[in-house]
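Enquirer: The structure's right below; bear with me while I get my questions together.
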Amino acid sequence: MPHSVELVDTRSRPSYEGDYDSSSSSESTHMSRFQSRRSHFLIPPSVPSGHSSVASSASSTPIPSRSGSPLPQFLVNSRPVLSTTSDTDSDPATATLLRNRNPWRQERRPWWQMSRRSRRRPGRTWRFLNRWAKRIVRHPLFPRQPITIVLSLILLSLFAIFLTLLLMYILNPDKDPLPWRAYCSMPSMNSPPDPYNPSLYHDPYYNHSIGMMTPPFPHDELDALPPAGLFVGVFSTDSSFERRALVRSTWASHPRSREGAGDGDDGVGTSRTIVRFILGQPRKDWERRIQLEMEEYNDIIILPVAENMNAGKSHTYFSWASINAWVPPVYMKTPVAPPLFSYSNASKPPPPLSSHDPSHAWQDISNPHPQSWVRPDFVVKVDDDAFVMLAELEARLRLEIHAKPPADASSAHRTIHRRSDTSLRHNNGSYRKLLNVMLTNPYPTFQEQDPLIYWGYLVTNRLHRFMAGELYALSWSLVDWVARDPSVKELTRGAEDKQTAKWMKMHPQAEKVRWVSERCWIYDHPRAGTVYGHGFLFPSEVRRVRKHLFSALQRLLSSGTSSYLSSSSWIPQTQAISLPSSSKSEQFKVEELLTPYGTTPASWAHSSVSTFHARYTPPVSDLSTLESIEALVEGSEMSLIRPDTSSALSVTSTQDTVSRAWANREGRNVRYEGKRVGGTIVVHFIKQNTWFLETALALLEGEDYTEAESQKEDVLEDCDSDETLNTFPGQRTIGSLDLPYATYAETVRYGRR
């Protein structure tokens, strides 16, 4: 019968006479052959004469070897599938040897049977990187000496710094100074609509189309409205004790900050305005000092969050305010009754007062039965490097809380790019009509909806649209929604002012949120050198700026046929102030000048005090303290002084010029045009305490009437009685009939021609 052939272990072979004397010799010989794996793998082993590597179970006689394989030896499977009926199957030693012989050859599949995925070797990317790293390290130019390694690291650092600065410059949207003169003159530039969603932006001050000037502020009916409740939170840190002390002694308590210019209003407007400092958890070294400061002033709020700027502090502040923010009630009766909202009935006993709280609150708390405090109409977030005029802020927000948004805001915004026409006036800026309705019905019912107002300085660039973080205000309904909405809590990290804008766009009624911008009266300190910076601004200078741009727009719109307008034609031909013309021949399209996003002339960004990306230097080096403050006022004669170095008598002439400019300066009554409010709201980017004190002197101090104005009081009375051309209703006139927009000093200098 046929026999199956099987490889057998050498230890089971019979010993042959004449070759080896014992089976141990045969075993050692075959084991040595097995150990030489390479020779067995490539070259078949030679069999000695008289021996056979294959045995039969029936006979021990050697049989011829099997026929050769058509494939090479190293491609033949080293373990052929053979079967046998011999007794060697029962030998465990033989089975173990066959299993352990070349195990890697037993499990490996032929390369032609492998899939493409299985042929991919693990760590291929790592080996590739390792190989190229070795090539770079072995390159002759690779530094190996210590001095060359240090120089290489320095070069790499310089390259990284250069690349970082280049990317910052490319991504920075603030490369050119902003046209602040247009912001103060044209409402379309002050509050530009969103081209993708115009209905998000409703500006009550935007009551004229393109080509018209901003109406005067304040409205005549401002004092007839009840004051708005403001909770102002100043973001500070545990180590900023000096800045908190400056805030307490200046704009948080100063009468001219709380009452306004002139005789003021006896603090009625800010009688519901509360200022508190917002801190995170203080460091351990500062805990004792913060506790003592809290006991002394009663104006510090510690949030349950680590101190940070863009890691959720703003959201924690609004969440805290939704529970713990309270302001005094309306103490005085006004012709217009306070509006009733959903939060009007919430009340709480008055908390401990701070020294800079309103005087009306101190008077009320001394009564046996003080009135309960109520929820604020606005919660304001302020940075501690900002100087805030509280009366100005409250006046703007008071008008906002009583303004009625348009019924169809989207349709109103569709006409902003059309030319001026009386039929295109905005329907949301007429406060007089609104007040007439409220006066006829002094007891209004509940509003259909609480006001949704997002107020601040609107920053627009190619990436974002948001209210700048130095100061922005949210109406109470928005604050309550921000604190409760779970989706808002997921957007708390990042630039906090940009995150707040995202929250407003996530509101369930985002189309009803009024984004109200104020770009004219919020700016950076003159020494900041930023695109938002210029001199300290007052209403008298803004009126001259509006006159200049109004004349330019009249010439532009009357031409009609001209497609381009040179920047030099925008220079006003008046004796009040002359703007420098551009050295380059700039051409502008009429369509671009009439749109909020078009190119603007360089003269619209000109400042008599500061220059963008240039360190401020006073016009004269030896100015006194008050003269140096006067030189920081936009448009003042002191800021226009340029020393004459070509003359031998330059020192004497410069001193005479300084004395004349100081004598001709404007008093506060002239600068505010006889009004209580209407000027600067916020001065930002005050990085040094010296700058803070300069701002306090410029905005809070000074005489109502200068010595020269007191001597020429009769001239002012005549100017008040004159009716001038092209004046705004309700605005006080300064100057003469021939020079209606000149300052008092210019009126005296040029005479009444």
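Heads up, the Cβ atoms here are built off N, Cα and C, so glycines get one too.
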Enquirer: Between 105-126, 347-368, 413-434, I'd like to know which one TrEMBL lists as region 'Disordered'.
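Expert: Matching range for region 'Disordered': 347-368.
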Enquirer: Below 8 angstroms Cβ to Cβ, which residues of this chain, lying six or more residues outside the region 'Disordered' (347-368), approach it?
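Expert: Residues 248, 252-253, 258, 267-268, 270-276, 297-299, 326, 328-329, 331-332, 374.
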Enquirer: Using DSSP, what is the helix/strand/coil residue split across the region 'Disordered' (347-368)?
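Expert: Summed over the region 'Disordered' (347-368), the classes give 7 helix, 2 strand, 13 coil.
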